[in-house]
Structure formats: structure tokens, C-alpha cells
Amino acid sequence: MVRAKRKLDHIEYALSTGQSRTHGFHDIEFVHQSLPNSSYETITCETKIGELSLSSPIFINAMTGGGGEKTLHINEQLAYVAKHHNLAMAVGSQMAALKDESEAASYKIIRKVNPNGIFFANLGSEATVEQAERAVDMVGANALQIHLNVIQELTMPEGDRDFTGVLQRIEKIVLNSKVPVIVKEVGFGMSKETMQQLASVGVTAIDIGGQGGTNFAAVENERRQRMLSYFNNWGIQTATSIIEATSTNNNLSFIASGGIQTALDVAKAIALGANTTAFAGYFLRILMEDGIEKLVDEIDLLHTDLKFIMTALGAKTIEELQSVPLVIKGETYHWLTQRGIDTTHYSRR
């Protein structure tokens, strides 16, 4: 019951705190192309996460489940939207359903709505191999997300305080999983060192979950009597974290999330090196405040605008968009310089 109440609290406070939009994309500027040699009608947006083919570089990221009828209804609506647009979708952490079978329906609903969709299961880094297998089977998942949320847990009044052995648990899950494993942050970004460690244990993809979207430190602080306000501005911005990711020069796929709301955000994230982008809080707000049809329309506009931007840049495919020239400025440039990451190749390609 406590876990279910927390799920509902997270929805309420995530909507009330909003998104910070401190993602750093304002420091990224495309180099204008006066002769793009492109046509809107021939632009294609297919992409891949590992060997998993996606029809769009936009997917619906993990939000909820395990909070009774309300979370069931949210996942039902999100699954409908995913089916309508042929988008991949992740569910929120399934630990609630593993501990209380009555909550499983709030996750299983997605397969009832969209039997042939691409879905990601989701568990925290405390999960065992057996729990990971059950979570995947619960929703017939095509991949498994393992989320890292140290700052959220520390800020959460009833959260975890012991984070030893996490990498080893992830490695065991990777070795035993029948589906690709994606490791994701929840709004605090990832450093290149963390991503190199994750690559070393064989994960397929990393969702950098950068600072700039829903602030789960702020969400949990709303639930505390004594606020840990020093965590409210903690983390690595989304744009910076994507560049840290690509600087590792490994074969992982990268997912950009954290405050992404516009087609320009999507285009910049992909141009920095992401394979796809994920929306959560922004889509949830539209769904809860304006309804399902408004969300369907918004995703239509996102795809239209992304194709306009790709046409302007002369990028006919997502792969070509990953190679267009851009300039990195401001705080993002200074951070990367201090971290020893060369940015000149972005502007000269």
C-alpha cells in the first residue's frame, strides 16, 4: 500500500514541479545549410537501439504502474498512443507488481491494448536475475530497462541508502537476460566513466536521463519534512551527458532523455550522437491536462517538425542527422573542455 501511494505521489508532484528545461540544448547550434539537396517527402526517421528496429526516434519513456486503477488507466492510454504512432514504450518500475500480484494488471494492460508493440520492462538496480525475468515476462517485453536513481533514493524519505554491488547485479542480469538490457538514469545524467563501466558488463544501450526534465530530487523533497535542497540542482545536463556518452567510443546505442519537448530538442540530441530520444513528463502533462487526442496530435507535430529540420539540414536519415555540423557553446563547452572532451569535430564534419 505504501509503494502504491508513492506511485500516485510521484505523478502528482511530477506534474506540479514541472520540467526545469535546464538541459543545455540552448548551447547547441546547427550550421545552416543553404544548399541542403534534400526533399521533405524523402526523409525517413527509422532508427535502432542495438538490433531492435524502431520506426521513430521518439519513444514513450518509463512513467508509471503499480498504483492501482489510476496508473492502469494512464498506461492504457499511453499504450494506445504508442500503437497509434507505432512508437516503443517503457513502463514504470515493476517492482510493485513483483511484490504485490494485484498490481500486475496496471502493467499487463499495455499488451492488451497493443499486442504487437515494442515494450520495455523496467526495474531498479536492486533487482535480481529472477525478478528481471519475471518483469520481462509480465509485459512480454522486447527489452529491459534497469534504472539508476541514487539521488532520488537518497532524497526519498523511505528510499535505499546502500548502493554497493550495483554493477555486479547488472552484469548478472545481462548475462542471463533473453532480451537486450538498457540502463537508464532518471534525470541526473551519466558521466563517461559510468558509461564505460556499463559497457564493460555488456549492456546494449544507455538512456542518459539527463538533468533538464522532471526533477526527482525536487519531487521527493516535496514528500520530506526536512528538505535536502542541495540535491535539487544536482546532475549532468542532458546535452552534456550525450556528448560524454559519445566520447566513450564504444558500440553502445544511446537514448537521450531529460527535458526533451520539441522537435528541435530531438534533432539536437540525435546530432550530438543519440540514436533515439525519449519523452516522459512532457507527454504525461499533455495526457493528464489536455487528453489523449491532444497527445496524439502533439506527436504528429513532433514528427512533422523533425522532418522539416532534417530537410533544412540536408539529413535524409537519422544516421545522416548524426553527422551534420553544429557548434557547442557556453556552459556546455566549458564543462566538456574541463572534462578533456574535444568538441571541434562536431563543427568541422
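Here the Cβ of each residue, glycine as well, is placed from N, Cα and C on the backbone.
All chains included, 23 other C-beta atoms sit within 10 angstroms of the C-beta of Q152 (substrate binding site). The substrate binding site annotation in Swiss-Prot covers R6, K7, Q152 and is backed by sequence analysis.
According to Swiss-Prot, the feature FMN binding site maps to A62, M63, T64, S93, N122, K184, T214, G258, G259, A280, G281. DSSP assigns N122 (FMN binding site) to a strand segment in the three-state reduction. Other Cβ atoms within 10 Å of the Cβ of N122 (FMN binding site) number 27 in total over all chains.
Of all Cβ atoms in the protein chains displayed, 20 besides its own lie within 10 Å of the Cβ of E153 (Mg(2+) binding site). Per Swiss-Prot, Mg(2+) binding site is recorded for E153.
In the three-state DSSP scheme, T214 (FMN binding site) falls into the strand class.
With the fewest other Cβ atoms inside 10 Å of its Cβ, the least crowded of the binding-site residues G259, G281 in this structure is G281.
Separation of the C-alpha atoms of G259 (FMN binding site) and Q152 (substrate binding site): 17 Å, rounded to the nearest whole number.
Taking the C-alpha positions, the distance from E153 (Mg(2+) binding site) to G281 (FMN binding site) comes to 19 Å. Cβ neighbour count for T214 (FMN binding site) (all protein chains, 10 Å cutoff from its Cβ): 26.
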